[in-house]
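Quick look at what TrEMBL annotates:
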type: BINDING; residues: ALA44, GLY45, ALA46, GLY47, SER48, GLY49, LYS50, THR51; note: ATP binding site
type: DOMAIN; residues: 23-350; note: domain 'UvrD-like helicase ATP-binding'
type: DOMAIN; residues: 351-621; note: domain 'UvrD-like helicase C-terminal'
Amino acid sequence: MTEVTARRIAEALAEVRGESVRYPTLEQQAVIEADPAEPALVVAGAGSGKTETMANRVLWLVANRHLKPAEVLGLTFTRKAAGELAERIRTRLAELHTAGLAPDDHDLFDAPEISTYNSFASTVFRDNALVLGRDGDGVVLGEAAAWQLARNVVVRSTDPRLEQLDKRLESVVEATLQIARGIADNDADPERIRAIGRRFAGLPELPLGGTAEYASDVERMREIAQLELLVDLAREYDEAKRLRGAVDFADQVVLALHAVRARPAAVEELRARFRVVLLDEYQDTSVVQTDLLAELFAGTPVTAVGDPNQSIYGWRGASASNLREFRPRFRRRDGHPATRFTLSTSWRNGTRILDAANTLVGASTGEGAEVPTLEARPGASEFGVDSIYPETVTEEAAAVARWLRQRLDESRVRTGRPASAALLLRARKTQPYFLDAMREAGVPYHVLGVGGLLAEPEIADLVSALRVLDDPDAGLELLRLLAGARWRIGVADLDQLREVAGWLGRHDSAESGILSDELQQRIRESVAGDEGGSIVDALEFVGRAAEGHRALEGFSAEGLARLRAAATTFDRLRSRTGLELPELLVLVARELRLDIEIAANETRTAGRRTSTRCSTRSRGT
Ligand SMILES: Nc1ncnc2c1ncn2[C@@H]1O[C@H](COP(=O)(O)OP(=O)(O)OP(=O)(O)O)[C@@H](O)[C@H]1O
């Protein structure tokens, strides 16, 4: 049988689609036609056709009868990316079939297994959980449930070290979760981390030579010394999960690793099922993910694709060294490190944009040597890059909005049609400045993604109300609503409400008689005690308190009436929280009169098509 080359496949697909041929570059061709029995690493920049090349590699493998599509395992990070890759491969396999290049016995329903790293690990864990004495069908805790459980652990902890910790409850819960996840993501030994904490604990006591110079270092040493306590809390959190038969996302990967180490047959089964493995966005895999993949697939034909300059999960145990370590870990059959390929043609950017991007990337990471410098595709555009150096973000936003206005107007005059543009932001927190500036400059926009939606005032109100219904600590959210258009309660009355909250906090723990003096004292001093008391509880109290109650004295008459009305509204809503979420949302929106506000506000763009898209992208150039 003569080999079906990557170029031949490109021609066949173009013919089926009735389009001009998009030949692979020589670099792409080398990856697509690489030895099907050997591992490979592809280091490639943004928009250099990584996904395209992976999809074409599957076609080449199938067309040349190296394997059937179902024998390919493809892993990537997000469900969206997995869906896109699966769809690209599925469509192309169908085109390959139409072009007559698929093997005769090709089954159109036979598709590769494309999934996310997490869900793959979850399946491996579930299938092999028994070997670890765990329940494979246990609950998987989402973000919110994990937080709630960790919070319970911290609040219930009687550890005396918590008293000395000068931290808010939220910070301790967050740190406990981070340590628990850090241990899981790195498959770290908790004892070693505790030992680091112990080593640092004594340092601040050493004589410092009488200068204040080390103050910030001492502060840091104290933080590190807290590791012991946090590791202990993290262990209690793990124990709490175990008792409930629950796991969180990070656990699934480390448990999958432990399970396959304990059960070599699991490795054999997966190797027999998947003859070729494609790993996308490899730069973002965590230490434990790479350990799991190596345990399962080292020595088999694994192709990893990655770009160290697009790494976004550094905080989670991912490191660019994952890419460097791939080749020695996934060796060829002759014992040599996996072959390294590069892709260096950018298919997305014009020449001058690329020049600017290459300069910036080279300057900021110092890792340019590892990633090939991207070159523009033949016929790439020559649009220039403008730069400005404003002093404040407000000035920057105004300049950007003016620039956009001008370009959009020019384009409309030139083409006779409205044009569209994309605005990418560095950080979500600057988004409101840019939206204001665009409104001011008359540039219609549509914010993409949930982040943008959350910035819309009505949605922020809706989310705030849901928090208030669920969480007695959602004081800020409640204040936002009380001060907002629905109840318009003034500062003096809000301040009085805060007073009531404080009074209630002191009163409750003193009057309840349930807690011992010692425990009350400890709660006050510890992280769990919140001196301010709960504003949410205070509003409930104001709603319930009898006319003339001492605690109601400081409110204005009008303020009190509105607060009581608000309390009734939240009471009513609280009694309906058992509803399905969409119904509850409609109800809350109606009670807050947000539906009227949206209808009355002309500038709201939600659901309407407008010309400028605004998003905070996390990857790519
Ligand atoms: N040889 C080629 N000829 C023409 N177009 C190509 C070629 N290779 C890739 N492209 C196109 O370039 C664009 C970018 O490709 P792709 O999405 O695969 O890049 P990527 O490297 O995966 O991107 P990212 O860095 O965002 O992950 C796509 O529209 C793709 O169809």
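Cβ atoms are placed via backbone N, Cα and C, with glycine included.
Structural mapping of features recorded in TrEMBL.
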residue : record           : contacts (Cβ under 8 Å, 6+ apart)
ALA44   : ATP binding site : LYS50, VAL305, GLY306, ASP307, THR342, LEU343, SER344, VAL371, PRO372
GLY45   : ATP binding site : ASP307, ASN309, LEU343, SER344, SER346, VAL371, PRO372, THR373, LEU374
SER48   : ATP binding site : LEU343, SER344, THR345, SER346, TRP347, LEU374
GLY49   : ATP binding site : PRO24, THR25, GLN28, LEU343, THR345, TRP347
THR51   : ATP binding site : GLU84, LEU85, ARG88, ASP280
Binding-site residues whose CB lies under 6 angstroms from ligand 1, from GLY45, ALA46, GLY47, SER48, THR51: ALA46, GLY47, SER48, THR51
Environment of ALA44, GLY45, ALA46, GLY47, SER48, GLY49, LYS50, THR51, the listed ATP site - residues of the same chain whose CB lies within 8 A of the CB centroid: ASP307, LEU343, SER346, TRP347
DSSP-derived structure type at THR51 (ATP binding site), helix or strand or else coil: helix
Mean of the pLDDT scores, which run from 0 to 100, over the domain 'UvrD-like helicase C-terminal' (351-621): 80
CB contacts for ALA46 (ATP binding site) [other CB atoms within 10 A, all chains]: 20
